[in-house]
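Contents: one structure, followed by commentary.
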Amino acid sequence: MVEVEQLKMIDKQVMQWLDRVRRTLPSMIEDMDTQTKANRFDLVTNVDKAIEQSFEQMLTMHFPNHQLYGEEAHHNTEKLREGFTWVIDPIDGTANLVKQQDDFCLILALFHNGQPVLSYIDDFSRQKRFQAIKGQGVYLNDVPLSPPSERPLKESLISFNNKVLNDETMHDLLEVSFGYRLIGACGLDSAKVFTGQFGAHIHTNAKPWDIGAQFLFAEMLGLKMTNFHQEPIDFIHGGPFIISNAGCYDETLKILLQKGGYQKL
Ligand code: NAP
Ligand code: CA
Ligand code: CA
């Protein structure tokens, strides 16, 4: 068990690092250079790489015994459940960064012996930072964030990638829910569930760094976060993921599963 005082000390360093990233980001974006990875939609920029490297340097300086599990490097997963492990997606929504210079974020989480203890989602362009400290609270730009009130699916906006759900399932979800919205960055789509603006966000093949921060936010805000069989998700492996307001969780999952609703892409 980690003491809250220790978490607050780590949090202070991380908040300063996030402030530095925000200050340097505009010039990094000006010098942005984009490459493709597996296919033409799989983008990475020097901004993604530079942010992750900068975080690694901060860890080496202040917390040398902390492990790092990042999207861009370090995929040795053997000892990640031992001691302190950070999971980082330096830029979530890289396609949005490249195409719009908007609607991207950083996702960052600290686990201690496999349990989430600190979490951050920084929506850089809107200057909105979500922060969770286990045993202390959840904040949006330093203001406490309360759990959203429960809402049924018929009153909720829901979010999912429309390339991966079967047409019939998608149609059923659109029919029953209040409506559909997608930002295109798993961290920001999830954060809309934290605030109650969205009822649920579904990602049928989430990578660990897409959802690292969401574990603690879900726990502290009374949200559901599971795979599609209502089971916990392993933070090292990721996989099918739903984060949902408790009021629309059962119904959303029922529709998602009833016609074999999605392809694993
Ligand atoms: P996108 O705009 O590139 O990305 C939307 C979100 O999905 C971001 O959080 C992104 O994280 C993440 N993502 C990007 N590529 C992914 C991949 N291959 N697998 C899982 N997550 C991914 O998304 P898009 O242009 O609509 O799709 C790009 C590819 O990702 C397509 O092959 C799509 O089918 C797949 N994808 C699948 C799901 C799903 O629910 N299974 C959801 C989104 C995308 P980064 O920006 O950090 O990469
Ligand atoms: Ca991502
Ligand atoms: Ca990324």
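Sequential numbering from 1, following the chain as shown.
Glycine is no exception: its Cβ is also placed from the backbone N, Cα and C atoms.
Keep in mind that what you see is a predicted model, and the values were worked out from it rather than measured.
On its own chain, I91 (Mg(2+) binding site) has T45, V47, D48, I51, L97, F104, C105, L106 as residues at least 6 apart in sequence with a Cβ closer than 8 Å to its own Cβ. According to TrEMBL, the feature Mg(2+) binding site maps to E71, D89, I91, D92, D210.
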Shell list (Mg(2+); ref centroid = CB of E71, D89, I91, D92, D210; cutoff 8 A): D48, I88, P90, G93, T94, L106, I107, C186, G187, K207, W209
Can you check which residue among the binding-site residues E71, D89, D210 has the largest number of Cβ atoms within 10 Å of its own? D89
Validating a neighbour-count step here. Other CB atoms within 10 A of the CB of D92 (Mg(2+) binding site): how many? 29
